[in-house]
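Below is one structure, written out as structure tokens; comments come after it.
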């Protein structure tokens, strides 16, 4: 029964996004909400300048409608769904403000790092308070074992690090057509399967809604992209994947399922440390996907390779949590 519900949720979310996009994209174009491309980025990206951005709004609306509709239809609407929506929409609003400043107010840097961090902290603390109100355990289980560690009050810093880290990691990864949408669909799909197998049904349904939304978006975001999700989408998806991991008690597994995002972030950190300490860059450009672009790979080849790596990470996570445990 639940398998059908998950599939129907995914399909509903997908259809909503596919229907909305042909209406929403021309609207964004009329408003001149076009993406500006950094001069220091790969030269091949300059032709993307002016492509409509803030497409993450379509993803958010699709997730909101499909998850609420299915939850109410099955009479399983709960604090779980509410908290997941709080994080997703909260980070989405933060991303929208950032996009608005860059696109409409023509301030290329958008929100300052401090302003963005404050917004992320506010959402993270509200999410944590909701978790405490639900009585969610502060224990963190080690995958493929029965061992767990009780973080106690240190669970709050963990929640903050996960939400802030994941949202920024997904945001960094969003640099090629279809890259985040594809890897995101795989990652959220893995969480849907794991949440279903471990009886976190509301989390599974929400995850399925996200999968459908990003797959629908991928139809218009794959190369050559007709629309970009912007920070509106990438920050929302990053916050959502961390919140799902926390709600499903798969905190450590997030590192594996989000392996592509972790690698992309590490490439930036390594590049910065190397340049500041040695005066040399390890990669031709960071994040890592740009390094491969400048090495002669086509954009599509880089994206498909990263999707494949993401799929392998997802399969490993499912194996560890579903088959071994």
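Glycine is treated like the rest: Cβ placed from N, Cα and C.
Database features (Swiss-Prot):
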type	residues	note
TRANSMEM	5-25	transmembrane segment
TRANSMEM	57-77	transmembrane segment
TRANSMEM	81-101	transmembrane segment
TRANSMEM	117-137	transmembrane segment
TRANSMEM	146-166	transmembrane segment
TRANSMEM	178-198	transmembrane segment
TRANSMEM	200-220	transmembrane segment
TRANSMEM	227-247	transmembrane segment
TRANSMEM	252-272	transmembrane segment
TRANSMEM	304-324	transmembrane segment
Top partner of the transmembrane segment (146-166) among 57-77, 81-101, 178-198, 227-247, 252-272 - counted as Cβ pairs under 8 Å: 227-247
Chain residues outside the transmembrane segment (200-220) and at least six past its termini with a C-beta under 8 angstroms from it: 2, 5-7, 9-18, 21, 25, 55, 58-59, 62-63, 66-67, 70-71, 76, 78, 80-81, 84-85, 88, 178, 180-182, 184-185, 188-189, 191-193, 226-227, 229, 233, 237, 240, 244, 247-249
Contact set, same chain, for the transmembrane segment (227-247): CB under 8 Å, 6 or more residues outside the stretch: 21, 24-25, 28, 35, 51-57, 59-60, 63, 80, 83-84, 87-92, 94-96, 98-99, 103, 110, 120, 123, 127, 131, 136, 159, 162-163, 165-171, 173-174, 180-181, 184, 187-188, 191, 195, 200, 203, 206-207, 210, 214, 217, 220-221, 253-254, 257-258, 261
Distal contacts, the transmembrane segment (81-101) - CB-CB under 8 A, six or more residues away: 33, 53-54, 56-57, 60, 63-64, 67-68, 71, 107, 110-111, 116, 119-120, 122-123, 126-127, 130-131, 134, 163, 167, 171, 202-203, 205-206, 210, 230-240, 242-244, 247
